[in-house]
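Novice: Okay, so Swiss-Prot annotates it like this:
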SITE      Arg20  site 'Transition state stabilizer'
SITE      Lys27  site 'Transition state stabilizer'
SITE      Arg157  site 'Positions MEP for the nucleophilic attack'
SITE      Lys213  site 'Positions MEP for the nucleophilic attack'
Amino acid sequence: MATTHLDVCAVVPAAGFGRRMQTECPKQYLSIGNQTILEHSVHALLAHPRVKHVVIAISPGDSRFAQLPLANHPQITVVDGGEERADSVLAGLKAAGDAQWVLVHDAARPCLHQDDLARLLALSETSRTGGILAAPVRDTMKRAEPGKNAIAHTVDRNGLWHALTPQFFPRELLHDCLTRALNEGATITDEASALEYCGFHPQLVEGRADNIKVTRPEDLALAEFYLTRTIHQENT
């Protein structure tokens, strides 16, 4: 797919199962309203005019995606994902064409706001390394004693942020950092951690705390509430 330097490709790793949801259906295929969580997440990306192409990495044995309208969307490419998130992202990057910048967004994070996305995308004008949406930690944080559910000490929350998605980086830089980190056995929990491993310092762009990831059963009702409220606000 041809792109310009202003166009962005989004990669959505959707090969996971999400056992903490305690359902037989992978969480990205659970429904909120008349759409799956995955559809909500992808449509939020495509709503921005700079996002011209979305690559979705699914499990090789996935039979559910083909049943969605997304399967026939002209701006969407599907690739086989890997066992780990980083493997799926790398597979997505290989299908990202010549886009200079890429977004990586959780398949199960359906409540992305357009103003947050716009501020994140603006980093391509000011940064060479990109950045992530994140929310400052507001709760008191406790460190547990090793191997015990007992408090070791309170962690200073000043300067602590919850990492969110999307995360936004130059495509080649992200590819090189992910590849190096995996080859060297580094623990990669998100895309920013791969850049950190390679000595880069991505920017933090404050995003809304209601941009939640559906991970546990109780998150589904909360995401439905946030989405319903957002749709109501947009229509009034």
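If you go along the chain as it appears here, the first residue is 1 and each next one adds 1.
Cβ coordinates come from backbone N, Cα and C, glycine included.
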Novice: Considering the recorded sites Lys27, Arg157, Lys213, which residue's Cβ sits among the greatest number of other Cβ atoms within 10 Å?
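Specialist: Answer by Cβ density within 10 Å: Lys27.
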Novice: What three-state secondary structure does DSSP assign to Lys27 (site 'Transition state stabilizer')?
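Specialist: SS state of Lys27 (site 'Transition state stabilizer') = helix.
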Novice: Cα distance, Arg157 (site 'Positions MEP for the nucleophilic attack') to Lys213 (site 'Positions MEP for the nucleophilic attack'), nearest Å?
Specialist: 21
Novice: Where Lys27 (site 'Transition state stabilizer') and Arg157 (site 'Positions MEP for the nucleophilic attack') are concerned, what is their Cα separation in Å, rounded?
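Specialist: Between the alpha carbons of Lys27 (site 'Transition state stabilizer') and Arg157 (site 'Positions MEP for the nucleophilic attack') there are 31 Å.
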